[in-house]
Amino acid sequence: MADILPTSIDIDELRARWGSFAWTAENADKAKIVVGRYPPGRQHSAIIPLLDLAQRQVGAETRTQGWLPVPVIEYVAKHLDMPYIRAYEVATFYTMFNLRPVGRYHVQVCGTTPCMLRGSDDVFAACKAKGLAKGQTTADGLFTLNEVECLGACANAPMVQINDDNFEDLTFETTTALLEALARGESPTPGPQGVNRRTSDPEGGPTSLKEMVLENHDYREKAE
């Protein structure tokens, strides 16, 4: 079962830290481009990409995967001239928005049926062996571990999403190697780990449709 994610916190210390949040010059330009994609009167539709942009800015400032303090959500709501509660509703609905601080690497392990049957327990065991605990951040601030619902890579189960990347076909050993590489500051290649396949191809490579058909065939029966 996926972890029950905590609600946001609003305390004086966070107000003092994030109350003066504002876009960087680069992100101000990005926000302007995002809002400009929507017709007049529909700017509220930009709430999801702007919350994502804000979370990434917080991540860059804190060297983490990023999260959304209440003052930051308020800033985005004000930027779009919309009630704070509307922005908060979006931030609390989508689990991709973090409402509490997370580590530099947000390790989200799929625990639903395909991944469970293919060995997600081994993935969790590897995480535990490296000192990660579900719903917690390691003391060094490097990793936050959560169990999540299906991430849409069932053919490559078991898998984890770490920040923006998916790592698939995991075992205890490959999960351990992945976490150790991240701890060393390396950037492991996303996708299948330890198996010979590309994306969700069969292991060893495609077994059919190996050649590109260049001709434009019309397979429809022609009317008599």
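Placement of Cβ uses the backbone N, Cα and C atoms for every residue, glycine included.
Because TrEMBL annotations are produced automatically, they should be read as predictions rather than curated entries.
The [2Fe-2S] cluster binding site annotation in TrEMBL covers Cys110, Cys115, Cys150, Cys154. Annotation comment: TrEMBL describes 184-224 as region 'Disordered'. Per TrEMBL, compositional bias 'Basic and acidic residues' is recorded for 212-224.
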Those residues of the chain, 6+ apart, with a Cβ under 8 Å from that of Cys150 ([2Fe-2S] cluster binding site): Cys110, Thr112, Pro114, Cys115
Intrachain neighbours beyond the region 'Disordered' (184-224), with Cβ under 8 angstroms and 6 or more residues off its ends: 153, 155-156, 165-171, 173-174, 177-178
Beyond the site residues Cys110, Cys115, Cys150, Cys154: chain residues whose C-beta lies within 8 Å of the centroid, for [2Fe-2S] cluster: Gly111, Thr112, Thr113, Pro114, Ser120, Glu149, Leu151, Gly152, Ala153, Ala157, Pro158, Met159
Long-range Cβ environment of Cys154 ([2Fe-2S] cluster binding site), under 8 Å and at least 6 residues apart: Pro114, Cys115
